[in-house]
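Per TrEMBL, domain 'Major facilitator superfamily (MFS) profile' is recorded for 1-368. The feature transmembrane segment is assigned by TrEMBL to 17-42, 49-70, 76-93, 114-136, 142-161, 190-215, 227-246, 258-287, 335-360.
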Amino acid sequence: MQTVAGSWLVYDLTGSALALGLAGLFAFLPAAGLVLVSGLVADRRDRRAILIVCYAVTTAAAFGFLLLAWTGPRSVWPIYGLIVVFGTARAFANPAGQALLPNLVPREELSLAVTWNSSAWQTAIILGPALGGLLYGVDGTLAFAVATVLFVVTLGLLAAIRHRAPVRAAARAGWADLVGGIQFIRSKRIILGAITLDLFAVLLGGATALLPIYARDILAVGASGLGVLRSMPAVGAVSMAALLAVRPLRRRTGARMFQAVGVFGIATIGLGFSTSFAAALICLLVLGAADMVSVVIRHTLIQIETSDDMRGRVASVNSVFIGASNELGEFESGLVAHLIGTAPAVVVGGIGTLAVALLCAKWFPELRDRDRLVT
């Protein structure tokens, strides 16, 4: 909800694809700059407490968005400033949240937990953009007001979590501890391959930053239509998650991941050629379903292959890769759209995704040939 209302606010104010791309860049920069510190904090401190502090900050930032929308921003820079605050909080929240999950469920149930966790997240992505676009179409301040209230609810739910934090080593400030996550990933080629595939595939193929342009200028469906467009990848993702919950991936998981990325690229190309609302919705639906397969495999592999004392740092590096593929991908798509046009940029990105899948299949045979998730 916050994202779709914010992106529409930026595009309403600027009418620029590049400005939309810059919003993604400013969301990504804090995670990149804090990658070493945030991961170490997640490995040395209570992960639930970190999440509570981070969501308190995002609640305050959401209230800032509400004030901006109410007063009417004259410049895009205050919006970018609040996006940086959000990004900073997420830089610490993402590794803490990813590393907390294995502390709450048994190892043998981890793949299913990842599926349900991703389903919950994608459900929020379905409801959030649709509701955000609808509320913003009625009154821009209403969307940000509801988002602020929901952040407060999230704080209460986090406070209700009860778990016994595992005993961890005493905090050290050595360089080896800070870069431990990077070194660990380099030593585990199957993890390196999974996050590299996601990074470059979604970096090139991500087109969500351009959906406000599709909604207003190509499909002419307005803010409410933008909410539906932003929701459709999550509809596909939740549908796939429901299928995976009933029929989990048991064999040839590596090959399935590459196949899913290939489908993601093809759906992105289809979106680039879409000139009707229905066609765009179908492409986004397929795109989201394919991405969910990749997400479940990647996250499960990372959790299974990483020891608890390293999970925060590895999750932090993984979060930067995810941020690079999503937020930096938004900047890339906005920049390319500014240079060659919106639809050509989406098509070229989809072709790039297919090329990345083929190259990674060659470079990382360990991932391509992985049979079972849990060995």
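The backbone N, Cα and C atoms fix where each Cβ goes, and this holds for glycine too.
The shown structure was predicted, so the numbers you read here are calculated from the model rather than taken from an experiment.
Sequence-remote contacts of a segment are chain residues at least 6 beyond its ends whose Cβ falls under 8 Å from one of its Cβ atoms, and for the transmembrane segment (335-360) they are 16-18, 21, 193, 196-197, 200-202, 204-207, 210, 213-214, 217-218, 258, 261-262, 264-273, 367. For the transmembrane segment (142-161), the partner stretch with the most Cβ pairs below 8 Å, chosen from 17-42, 49-70, 76-93, 190-215, 227-246, is 49-70. Within its own chain, the transmembrane segment (227-246) is flanked in space by residues 3-4, 112, 115-116, 118-119, 122-134, 136, 208, 211, 214-215, 219, 221, 280-281, 284-293, 295-296, which lie at least six positions past its ends and keep a Cβ under 8 Å from the stretch. Confidence over the domain 'Major facilitator superfamily (MFS) profile' (1-368), given as mean pLDDT on the 0 to 100 scale, stands at 83.
Here the transmembrane segment (258-287) has long-range neighbours at 197, 201-202, 205, 207, 214, 218-219, 221, 225, 228-229, 232-233, 235-236, 239, 293-294, 297, 343-354, 356-357, 360-361, 368, meaning same-chain residues at least 6 beyond its ends whose C-beta is under 8 angstroms from one of its own.
For the transmembrane segment (190-215), the list of distant contacts is 7-8, 11, 17, 20-21, 23-24, 184, 221-223, 225-226, 229-230, 233, 257-258, 261, 264-265, 268, 271-272, 274, 280, 291, 294, 297-298, 301-302, 305-306, 314, 317-318, 321-322, 324-326, 328-334, 337, 342, 345-346, 349-350, 352-353, 356-357, 360, 363-364, 366-367, 370: same-chain residues at least six beyond its ends, Cβ to Cβ under 8 Å. Sequence-distant contacts of the transmembrane segment (76-93), counting only residues of its own chain at least 6 positions beyond either end whose CB sits under 8 Å from a CB of the stretch, comprise 2, 6, 9-10, 13-14, 19, 22-23, 26-31, 33-35, 38, 41-42, 50-51, 53-55, 57-58, 60-61, 64-65, 68, 316, 319, 323, 327.
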